[in-house]
Amino acid sequence: MIDWDRWLVKWHVEFLGRQWNFVDLATLAGLVYLHYLAVLAPFYFTWPAFWSAVALYYISGVGVTLSFHRNLSHKSFKLPKWLEYLFAYCGVLSFQYEARLKNVADLKSQAYYRFLHYTYPLHSVALGVLLYAKGGMPFLVWGMGVRTVLLLHAVFGINSICHTWGQQVWDTGDLSKNNWFIGLMAHGEGWHNNHHAFEYSAQHGFEWWQIDITWYLIRFLQAVGLATDVKLPTETQKKRRALCNKINEESLKQN
């Protein structure tokens with residue numbers, strides 16, 4: 001159940017009460033423009049434009065899920081620097097940005113990531129120019145508008161939908177849930193309760209039916225020797241967590 005009163009108060013404080021700076025306004029303008037492009041999608045549909053959007057959705061999405069989240073944030077595996085940088089660049093094209101550098105001291109010390117941070121908007125603009133040069137408005141509308149809007153909302157859904165609707169397999173002490181729809185849309189990130197239970201794990205979809213596109217790519221990179229030190233929960237760790245779940249459930253029933 002959503003607490004609408006609390007949500008409205010939070011929205012009023014964080015949105016209406018916000019001290020807007022240039023970065024905030026530029027970001028808002030960019031988001032509005034991307035959604036405007038997405039609305040135009042039915043009027044500019046072509047199959048080449050559609051497939052360009054599908055390809056870029058996967059490429060930029062993996063930049064967020066594989067690079068930003070599982071590799072750079074949780075250190076779930078290691079990659080050669082050239083490949084780490086390549087996947088990180090893919091993430092830059094997803095319109096994901098964090099203006100604060102205090103949380104990423106390890107990345108701030110690397111010239112490549114400082115370059116991406118300070119030139120971040122230019123890469124998306126350049127991609128838009130290239131798409132327009134390649135296929136005109138259809139490529140711009142689908143490759144930038146539709147693709148980016150869908151990916152943004154898939155990522156937003158991880159921290160909203162996956163804390164509201166779905167199954168909670170593990171007792172993690174929070175509201176995280178496994179949501180199959182976000183699992184599909186966000187390349188496996190929707191198995192969010194699994195992730196909260198084993199945050200270090202490079203794999204989020206533990207069951208065969210829990211599709212985890214990001215994990216399949218990591219597993220392929222591991223098979224060819226490019227991904228190393230891949231962290232996964234052992235069966236013992238899973239059983240221990242499951243036992244804790246059972247004990248907590250029995251305790252709740254007794255109370």
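Glycine is no exception: its Cβ is also placed from the backbone N, Cα and C atoms.
Summarising the annotation, TrEMBL assigns transmembrane segment to 21-44, 50-70, 111-132. Sequence annotations record features per position, and here TrEMBL assigns domain 'Fatty acid desaturase' to 86-215.
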Helix, strand and coil totals (DSSP H, G, I; E, B; other) for the domain 'Fatty acid desaturase' (86-215):
78 helix, 3 strand, 49 coil
Long-range Cβ neighbours of the transmembrane segment (50-70) (under 8 Å; 6 or more residues past either end)
76-77, 84, 87-94, 96, 131, 134-135, 139, 142-143, 146-148, 150-151, 154-155, 186-189, 202, 213-214, 217-218
